[in-house]
Amino acid sequence: MANKNYYETLGVDKKASEADIKSAYRKLAKMYHPDLHPNDEAAAAKFKEINEAYEVLSDQQKRAAYDYELEHPGARSGGGFSGAGFGGFSGFGGFGDIFSDIFSGFGGGSSSRAADTQGEDIQKEVVLSFLDAAKGCTKELRYFRNEPCPSCGGTGAKNGTAYKTCDRCKGSGQIRYTQDTLFGRTIRMATCDECGGTGKKITEPCPDCRGKGYVRRETTVTFTVPAGADNNSYLRKKGFGQASAHGGPPGDLIVIFRVEPHKIFKRKDRDLYVDLPVSFRTAALGGKVRVPGIDETFEYTIPEGTQSGTVFCVRGRGIKTRNGTGNMYLTVFVEVPSKLSREQKRAVEQMDEGLDIRQSSRMRAFRDNMQAMYGVDPYRS
């Protein structure tokens, strides 16, 4: 398994501290969590790689064995590290502390009973046009969610009735599981399936919500899309998710953005990329062209003798975000006319005859190499 570079997977140096490794893992886990990328096999595979890397690098003994094999390919450390057990990550076992912290709203399980009773998060995808995502806009979303029952205040219990302590978890809200693995015995805490993590059970349910503590209703929420929103970026609206059973706090609404492609612009982070076709005359003699921008067009001067494929950087013409403004990169494509009249062809031939090949560094270098290798001039028939 040492053929996998776990340090590169997490984007950290080999000398990274435990805190650095944990911080990098938290960041990547948030980015590629399956709940944010439903039905995305690539994201799921990346998420698995991240967890596999963290499982090794977060454990001093496993990390030491891994480092030994990394430095001595084909060798085995005294602890016999061979990667067995590291590729079988399933669920969130062994990562409870971190997932309790950063993914409490994703159903990953929490170490506290209060967090277990929080309502589930709701994910909704919102499609944005390229320009709306780049400039920012205001959107309205209508969706159905579970809201606290007004009759019982979300407790699920009929007014005036009491709860009783859950017999299965004895009021703790959690069940403890012990499992023997290749690397020793592990202990995992899970939400009690009898009381749903509350530690108590209803003696007489509310007749309106039938003990669930919530009712199904349509909700409308207005939110601001920040300038520079990118594909698969998201925002979280606290408290707009599903209501919790038995009076716990509601979950959150996670709005995931899907940005439509644009006919002219391509994007990478805050930078914009534009393919700019120009005429043969403009490329040869230079000239001004109008270039599209996010807010308006602007004039750009193409210098004389510009070759096809030349890239020009226009600073400050990219996407503006609160973290800064990107640049625009113009890639010039010279449009050579495909149909010429006799007079035009004659004019081109006369122009070519009058040109000195020394003016073209690429043609000159190619000719010199051809003459050195084969003794021929590629531009003379």
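Even glycines carry a Cβ here, placed using N, Cα and C.
TrEMBL entries are annotated by machine, without manual review.
These come from TrEMBL:
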type	residues	note
DOMAIN	5-70	domain 'J'
DOMAIN	136-218	domain 'CR-type'
ZN_FING	136-218	zinc finger
BINDING	Cys149, Cys152, Cys206, Cys209	Zn(2+) 1 binding site
REPEAT	149-156	repeat 'CXXCXGXG motif'
BINDING	Cys166, Cys169, Cys192, Cys195	Zn(2+) 2 binding site
REPEAT	166-173	repeat 'CXXCXGXG motif'
REPEAT	192-199	repeat 'CXXCXGXG motif'
REPEAT	206-213	repeat 'CXXCXGXG motif'
Report the same-chain neighbours of Cys192 (Zn(2+) 2 binding site): residues 6+ apart in sequence with Cβ closer than 8 Å to its Cβ, ordered by sequence.
Cys166, Arg168, Cys169, Ser172, Gly173, Gln174, Ile175, Gly199
Rounded to an integer, what is the Cα-Cα distance in Å between Cys206 (Zn(2+) 1 binding site) and Cys195 (Zn(2+) 2 binding site)?
16
Any further residue of that chain within 8 Å (Cβ to the Cβ centroid of Cys166, Cys169, Cys192, Cys195) of the recorded Zn(2+) 2 site:
Asp167, Arg168, Lys170, Gly171, Ser172, Gly173, Gln174, Ile175, Asp193, Glu194, Gly196, Gly197, Thr198, Gly199, Lys200, Lys201
Of all the binding-site residues here, Cys166, Cys195, Cys206, which one's CB has the most other CB atoms within 10 A?
Cys195
Secondary-structure category, per DSSP, in which Cys192 (Zn(2+) 2 binding site) falls:
coil
Cys195 (Zn(2+) 2 binding site) versus Cys149 (Zn(2+) 1 binding site) - Cα distance in angstrom:
18
For the recorded Zn(2+) 1 site, whose residues are Cys149, Cys152, Cys206, Cys209, find every other residue on that chain with a C-beta no more than 8 angstroms from the centre of their C-beta atoms, and list them by sequence position.
Pro150, Ser151, Gly153, Gly154, Thr155, Gly156, Ala157, Lys158, Pro205, Pro207, Asp208, Arg210, Gly211, Lys212, Gly213, Tyr214, Val215
The zinc finger (136-218) - residue tally per DSSP class, helix then strand then coil:
0 helix, 41 strand, 42 coil
Cβ distance under 8 Å to Cys209 (Zn(2+) 1 binding site), same chain, sequence separation 6 or more: which residues?
Cys149, Ser151, Cys152, Gly156, Val215
